[in-house]
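Under the heading signal peptide, TrEMBL lists 1-17. Among the features that TrEMBL reports, domain 'FZ' is placed at 21-139. Annotated disulfide bond per TrEMBL: 102-126, in sequence order. Annotation comment: TrEMBL describes 156-283 as domain 'NTR'.
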Ligand SMILES: *[C@@H]1O[C@H](CO)[C@@H](O)[C@H](O)[C@H]1NC(C)=O
């Protein structure tokens, strides 16, 4: 990611909304707690801001609860935010996320949690975090936030049915009616652990690029499969690679919705024909 990671302005003592008790200690972020491995520091404070004191019984197992959400990439600072609470950086003062960071992450991520049938956790009520931007972890700059806002991103949606039998003409019509069309290869991991269960393998091939960004589309579609799990389940088989053409739209606010899914069977001629004819096709 090219977003600036931690932006701490000053290390004044902030008033703490959490009851941390008297004694805290610093420990290494355990290897099992892989959701917080790339946060830019290696020592965390115990108890953490959620009041967990035991690494084995609380911190490590509960950190796994965050994995599905963090894997959707719902906000560039989601990991920083979550890890600043479950594995607070060990400095001589307590650094919490600012309320504005909490709000930014919540606004992006709560809809995806809702898609997975979960409410935004009460422990992360943004009102609990300090409002002063100079005693806490601040959100990314306004410019970055704006850039992020207008970038194409997936949203919670129902999954279109997979179409298996079609004539190339109807595929061309679908390309005309949608903003983008891409060819993807997907698979499902047999033992998902640190990696997401559903995966887009290799490069995404553009048939029509529309408003998608070339370098971002792989992760966008990967996230799309993870947001509503039934999309990933519908498209993938364990240990097998399947090919599809996905066609969809990018709305004015940057949200992407996939409208049509064509399965590309090995000896399929209609999709091959449609892709070939598309280059000279007039809608
Ligand atoms: C997820 O996709 C399924 C299948 O299309 C759909 O029935 C369900 O409503 C979707 N979930 C949400 C929250 O939109």
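Just so you know, glycine gets a Cβ as well, placed from its N, Cα and C.
According to DSSP, the secondary structure content of the domain 'NTR' (156-283) in residues is 37 helix, 43 strand, 48 coil.
Taken residue by residue, the domain 'FZ' (21-139) breaks down under DSSP into 53 helix, 13 strand, 53 coil. Around the Cβ of residue 102 (disulfide bond), the number of neighbouring Cβ atoms within 10 Å comes to 26.
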